[in-house]
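I have placed the structure first, in the form of structure tokens, so that the comments after it can refer back to it.
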Amino acid sequence: MALLFATINMATALMLGAIIGSERQFRGRMAGLRTNALVSLGAAGFVVFAALFPTDINPTRVAAQVVSGIGFLGAGIIFRDGLTIQGLNTAATLWCSAAVGLISGTGHLMYAIALTGLIVFSNLGLRPLVRRLKAASAKAGASEEFFCLTFECSHEVEKDIRAALVACLEKEPLQINRISSRSSKNAVEISAQLKGPRDATSNVEKIISKMSLNAGLLRAQWAAGDDVDEDTH
């Protein structure tokens with residue numbers, strides 16, 4: 001009978017982790033359905049293991065070790081692309097999946113289901129609120145403009161171009177939102193998303209002119225536009 005209950009608890013953890021991971025999978029994140037399901041199942045498995053030796057193992061210490069282990073796993077998901085940090089939401093979701101697994105492993109399945117619902121709501125239901133807040137922020141700062149600078153260069157000089165771009169931007173009244181690269185077979189496209197005063201077009205032109213002097217730069221252009229969605233974090 002104990003084996004049956006443990007199996008039900010672990011199966012529930014697996015199912016709830018899959019539900020959480022399906023949202024990440026749909027959005028094409030690195031840690032998707034299987035990863036979240038396995039994290040939740042593994043956390044539940046450790047709790048079940050602790051329950052097999054009630055006099056030798058403290059369940060709370062097992063839970064603490066699971067949390068520490070998930071921290072290392074989450075650190076592998078978070079990475080830096082230029083000045084942009086990505087993977088924060090996915091790492092936080094993995095951490096929450098571990099909590100679902102821990103609760104499921106103890107047999108408190110309704111609590112685990114409730115937590116799963118809150119996690120899914122956080123990843124899906126809060127998105128409209130985030131967009132509204134961003135829109136309100138943009139409206140409040142109507143005197144500001146977003147600029148997109150695009151540079152195309154050879155693979156050999158990508159690091160030099162990025163370094164030169166950062167050096168140029170440090171001297172201008174422009175806030176860096178994102179710098180990213182996209183490689184093709186013959187070249188690399190570097191994009192910089194900036195925010196600054198509407199009258200900063202002369203500063204942007206100056207940056208383009210300075211960057212054009214770099215050897216290996218094939219193309220340089222800029223455009224004013226909307227902010228980039230930050231949901232990649």
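Cβ atoms are placed via backbone N, Cα and C, with glycine included.
Remember, TrEMBL labels are computer predictions, not curated facts.
TrEMBL lists 11-131 with the feature domain 'MgtC/SapB/SrpB/YhiD N-terminal'.
Taken from TrEMBL, the feature domain 'MgtC-like C-terminal' applies to 149-222. As a whole-number mean, the pLDDT of the domain 'MgtC-like C-terminal' (149-222) in this prediction is 89.
Marked as transmembrane segment by TrEMBL: 6-23 (among others). Within its own chain, the transmembrane segment (6-23) has Cβ neighbours under 8 Å at 31-41, 43-45, 47-48, 51, 93, 96-97, 100-101, 104-107, 109, 112-113, 116, 119-120, 123-124, counting only residues six or more beyond its boundaries.
What TrEMBL lists as transmembrane segment is 35-54 (among others).
Same-chain residues lying 6+ beyond the ends of the transmembrane segment (60-79) with a Cβ under 8 Å from its Cβ atoms: 30-31, 39, 42-43, 46-47, 49-50, 85-88, 90-92, 94-95, 98, 101-102. Taken from TrEMBL, the feature transmembrane segment applies to 60-79 (among others).
Sequence-distant contacts of the transmembrane segment (109-126) (same chain, at least 6 residues past either end, Cβ-Cβ under 8 Å): 8-9, 12-13, 16, 19-20, 23-24, 89, 93, 96-97, 99-100, 103. The transmembrane segment feature in TrEMBL is assigned to 109-126 (among others).
When Cβ-Cβ distances below 8 Å are used as the criterion, the transmembrane segment (35-54) is approached by residues 6, 9-10, 12-18, 20-21, 24, 62-63, 65-66, 70, 73, 93-94, 97-102, 104-106 of the same chain, each at least six residues removed from its ends. For the domain 'MgtC/SapB/SrpB/YhiD N-terminal' (11-131), the number of residues in each DSSP class (helix H, G, I; strand E, B; coil) is 94 helix, 6 strand, 21 coil.
Broken down by DSSP into helix, strand and coil, the domain 'MgtC-like C-terminal' (149-222) contains 26 helix, 30 strand, 18 coil.
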